Amino acid sequence: SVGFKAGVKEYKLTYYTPTYETKDTDILAAFRVTPQPGVPPEEAGAAVAXESSTGTWTTVWTDGLTSLDRYKGRCYHIEPVAGEENQFIAYVAYPLDLFEEGSVTNMFTSIVGNVFGFKALRALRLEDLRIPVAYVKTFQGPPHXIQVERDKLNKYGRPLLXCTIKPKLGLSAKNYGRAVYECPRGXXDFTKDDENVNSQPFMRWRDRFLFCAEAXYEAQTETGEIKGHYLNATAGTNEEMMKRAVFARELGVPIVMHDYLTGGFTANTSLAHYCRDNGLLLHIHRAMHAVIDRQKNHGIHFRVLAKALRMSGGDHIHSGTVVGKLEGERDITLGFVDLLRDGFIEKDRSRGIYFTQDWVXLPGVLPVASGGIHVXHMPALTEIFGDDSVLQFGGGTLGHPWXXRPGAVANRVALEACVQARNEGRDLAXEGNEIIREASKWSPELAAACEVWKEIKFEFEAMDTL
């Protein structure tokens, strides 16, 4: 360089490097970029790399005090999105030194910070991130994960069953505890605080924790199975959240819960560390995710939020149902379900996986299917999610005509029937209805459930396409 030259340079001169060979230690990002009219794709891709790493809008003399070659993000490849006009996937490589170790917060502040408000872009969406092994190893990750959770609960060879307590707001603590007792008494493994339930005037958290712990212990004694209620520790401050987690540990319950997006990654990671140190499982709810991930051309895809949660820490996370009332495309959903559960995931664009991801020793997270599902969906859910999942029926348990306990019985009978049929080699996709019908001959509870929900399906066009 011939010395400092003031003025505005094109981003692509510095930040578009198509010949760059990515390093194993780089964090790689795939952005869906929609440039403003007249902005060439290379310039838009380079602008993203610049604004999310070392660059700014003009040359500054302090650039000479650092080594841009060492620290700059680079846009190393651009491809047009099939079927979309003026939309591109820009691949950006970030040197690992740009990020603080063990901080999802810092990673997101850089990669999805100011750049999303950038004027030269009409819209920007982060589709996927490749987290290098060197960075993965700086995170604790899930407090316990799939195998340890099964060992703690002594439940193997089938998905776990849960029930969200409804009505979500307005019950007193004692009545809430009664509802909590009925579900595991019938046969569900878990009950769940709704994500909106924190500590409101009609039910303060401490009262709820006490009644729920009592309910679960009672059900545990009567059924001989380990039961848990996800006690929601989400709060307005970190200190208050930790106070709730500590009280849960003092009660000896197996699991607490957190809303990781509204609570924030910093709070979530603190809670995950506490949970590992104190033997608590951590259930994660994703309230607010659709604000971030539902638009096709702007925001962050849920697979990135799922990866971030695995790094920050959680043992369960809600991840759509493919069949219920909320959104989720089958292949794409299964793509991020594998990213949550498996140790090594191959690049596969047909499932929306842009990079091969190696999680090395980071434990896996159980995906939770929840939202508008009922017994008639059980064969499909067992088929799609397999054993390592939590199937959560709120209305599908509490809405049973004979109430909550028979509702839980119906779900458990349906689940056991599907698992048995699968283990016998039957095809759940083709024979699902038949399997449920056969089982309902032996279970009046299941027969009553089938009667109520025989034909309800929530079918709309999927919005998330590749």
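Placement of Cβ uses the backbone N, Cα and C atoms for every residue, glycine included.
Here the structure is a predicted model, which means the values were calculated and not measured.
These features come from Swiss-Prot:
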- Lys5: N6,N6,N6-trimethyllysine (MOD_RES)
- Asn114, Thr164, Lys168, Arg286, His318, Ser370: substrate binding site (BINDING)
- Lys166: active site, proton acceptor (ACT_SITE)
- Lys192, Asp194, Glu195: Mg(2+) binding site (BINDING)
- Lys192: N6-carboxylysine (MOD_RES)
- His285: active site, proton acceptor (ACT_SITE)
- Lys325: site 'Transition state stabilizer' (SITE)
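Feature map: Swiss-Prot annotations on the structure.
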{"residue": "Lys5", "record": "N6,N6,N6-trimethyllysine", "contacts (Cβ under 8 Å, 6+ apart)": "Thr59"}
{"residue": "Asn114", "record": "substrate binding site", "contacts (Cβ under 8 Å, 6+ apart)": "Glu51, Ser52"}
{"residue": "Thr164", "record": "substrate binding site", "contacts (Cβ under 8 Å, 6+ apart)": "Thr191, Lys192, Asp194, Ser370, Gln392, Phe393, Gly394"}
{"residue": "Lys166", "record": "active site, proton acceptor", "contacts (Cβ under 8 Å, 6+ apart)": "Asp194, Gly394, Gly395, Leu398"}
{"residue": "Lys168", "record": "substrate binding site", "contacts (Cβ under 8 Å, 6+ apart)": "Asp194, Asn196, Val197"}
{"residue": "Glu195", "record": "Mg(2+) binding site", "contacts (Cβ under 8 Å, 6+ apart)": "Asn232, Thr234, Met257, Asp259, His285, Ala287"}
{"residue": "Arg286", "record": "substrate binding site", "contacts (Cβ under 8 Å, 6+ apart)": "Asp259, Tyr260, Leu261, Phe302, Leu305, Leu309, Ile317, His318, Ser319"}
**Prompt:** Which of the three DSSP states, helix, strand or coil, fits Asn114 (substrate binding site)?
**Reply:** helix
**Message:** Using a 10 Å radius around each Cβ and all protein chains in view, which of these binding-site residues has the most neighbours: Lys192, Asp194, Ser370?
**Reply:** Lys192
**Prompt:** Counting Cβ atoms within 10 Å across all protein chains shown, which of the recorded positions His285, His318 comes out on top?
**Reply:** His285
**Asked** Quick one: which residues besides Lys192, Asp194, Glu195 have a Cβ within 8 Å of the Mg(2+) site's Cβ centroid, in sequence order?
**Response** Thr164, Ile165, Lys168, Asp193, Asn196, Val197, Tyr230, Asn232, Met257, His285
